[in-house]
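Colleague: As annotated in Swiss-Prot:
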BINDING   Thr12, Arg82, Glu83, Tyr134, Asp244  sn-glycerol 3-phosphate binding site
BINDING   Thr12, Arg16, Thr266, Gly309, Gly410, Asn414  ADP binding site
BINDING   Thr12, Thr13, Ser14, Thr266, Gly309, Gln313, Gly410  ATP binding site
BINDING   Arg82, Glu83, Tyr134, Asp244, Gln245  glycerol binding site
Amino acid sequence: MKKYIMALDQGTTSSRAILFDQEGKRVGSSQKEFTQFYPKAGWVEHDPMEIWGTQSGVAREVLETTGISTQDIAAIGITNQRETTIIWDKNTGKPIYNAIVWQCRRTAGICDELKAQGMETYIRENTGLVVDAYFSGTKVKWILDHVEGAREKAENGELLFGTVDSWLIWNLTRGKVHVTDYSNASRTMLYNIKELKWDEKILEALDIPKSMLPEVKASSEVYGHTDHQTFGGADIPIAGAAGDQQAALFGQACFQPGMAKNTYGTGCFMLMNTGEKFVPSENGLLTTLAWGVDGKVEYALEGSIFVAGAAVQWLRDELRIIRDAEDTEYLATKVADSNGVYVVPAFTGMGAPYWDMYARGAILGLTRGAKAEHIIRATLESIAYQTRDVLEAMQEDSGIELRSLKVDGGAVSNNFLMQFQADILGVQVDRPEIIETTALGAAYLAGLAVGFWRDKNEIANKWKVDTVFSPTMENTKKEKMYRGWKRAVNRALKWELEEE
């Protein structure tokens, strides 16, 4: 029997390949960062060829460094940065423009046009999403409108659109397969998550030819096999795909309605499983597809926070008050509190539950006694405050009061942040033994499709807690601090508009 599953984890800043064994333990990994392009203020792009180059490179590298043969790989699972939009030429396989990244705000104007056309309620009710530049739909329109000859080629059926999963599967199979999974499709703002099909009315409003779109498949099924030239002659099933946040929900074994996880990465993303029920949000959350597995499609509520770990990168790269992200834990604990300082990291607007494309970052409450450590501490605290904003909306929408929150992602190794998170939520925070849950979720989805794991019960039994953080902060103090945060956010909202 084959011994391993390979997860390809194509993130916003790096491409990773991780090998997991039958126990769900990591046996090897390889990672490579790639270039971020910022052609104008608020614009973010990647080079699709570099995405593919780094992703295929780390896949080969992890096999070399572990000495594991392609013959021992039972399947490949893919997880990816969602919403990021790639359009390529069907005949040459070459992109016609850079990938427009989920963080990119250039299509805010197209979103305003959709609202002016009265499409907002329709989109909300049928895709589960808000009209925002974050999602793929307006990015596709922008490329078709701005790349010379693109619209004509698209109408002639010569162009293909895909989120990153589609682009990787297309390249792994050398152009034989053009598919996506339910979870990724549900983030395009083009997919009707009630009827489970591409939405003609939205495609028409954005003037996007249906022939460009990938076929939507289950999150756990064999889509195709690696081409012989991709992996030195190997024929490995590509058997699972899910957007990064849905993959993390699966990797955390949140299989029952009401179970939730928060992933702390570049942004922060909290998802709650709502089972086979489309739960509309009245509180600025998204309703999204969690996954399609075992012939069933399940839904989730999601709160997307645009800037979390990215704020720590900003402290390091732009303000240069830390050398690396790990320093923040020590420096934050060198001061007793944030000295009344609040950081609102709205560098690319505010996500859930505010959805304000025109909010901008702010540091408030500064006095002459404010030190670098206070700003560092306030930056970490901002991640926890934003999480509370989302959790309150989620409890309101679902009618479920959360007893504990499962956490994952890079920043969960920061004990200060995790303890403050438990304190400000007033809820137990569970950090699992394996924090690579995004890649693990992709591995589980692929493994289920090829019989490497029996069923979801077997997977649920593998989930083990590493550390439990229990709330210790006194209630009056907690609420006072949170009120201060809400005041700070209100100052940052709609900032850009005030110029006009």
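Any Cβ shown, glycine's included, is placed from N, Cα and C.
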Colleague: Would you list, in sequence order, the binding-site residues among Thr13, Ser14, Gln245, Gly309, Gly410, Asn414 whose CA lies within 10 Å of the CA of Arg82 (sn-glycerol 3-phosphate binding site)?
Modeller: Gln245
Colleague: Among the binding-site residues listed here, Thr12, Gln245, Thr266, Gln313, Asn414, whose Cβ has the fewest other Cβ atoms inside 10 Å?
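Modeller: Among the binding-site residues Thr12, Gln245, Thr266, Gln313, Asn414, the lowest count of other Cβ atoms within 10 Å belongs to Gln313.
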Colleague: With Ser14 (ATP binding site) as the reference Cα, tell me which of the binding-site residues Tyr134, Asp244, Gln245 is the closest one.
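Modeller: If we rank Tyr134, Asp244, Gln245 by Cα distance to Ser14 (ATP binding site), first place goes to Asp244.
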Colleague: Using C-alpha positions only, work out which of the binding-site residues Thr13, Gly309, Gln313, Asn414 is nearest to Asp244 (sn-glycerol 3-phosphate binding site).
Modeller: Thr13
Colleague: Could you say which of the binding-site residues Gly309, Gly410 has its Cβ with the most other Cβ atoms inside 10 Å?
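Modeller: Checking each of Gly309, Gly410, the winner is Gly309.
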Colleague: Give the three-state DSSP assignment (helix, strand or coil) for Gly410 (ADP binding site).
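Modeller: For Gly410 (ADP binding site) - judged by DSSP and reduced to three states - the answer is helix.
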Colleague: Of all the binding-site residues here, Glu83, Asp244, which one's CB has the most other CB atoms within 10 A?
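Modeller: Max Cβ neighbours within 10 Å, all protein chains included: Asp244.
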Colleague: Of Gly309, Gln313, Gly410, Asn414, which binding-site residues come within 10 Å of Thr12 (sn-glycerol 3-phosphate binding site), going by C-alpha to C-alpha distance?
Modeller: none
Colleague: Measure from the Cα of Gly309 (ADP binding site) to the Cα of every one of the binding-site residues Thr13, Glu83, Tyr134, Gln245, then give the nearest.
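Modeller: Its closest listed neighbour, by Cα, is Thr13.
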Colleague: Can you tell me whether DSSP puts Arg16 (ADP binding site) in helix, strand or coil?
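Modeller: DSSP call for Arg16 (ADP binding site): strand.
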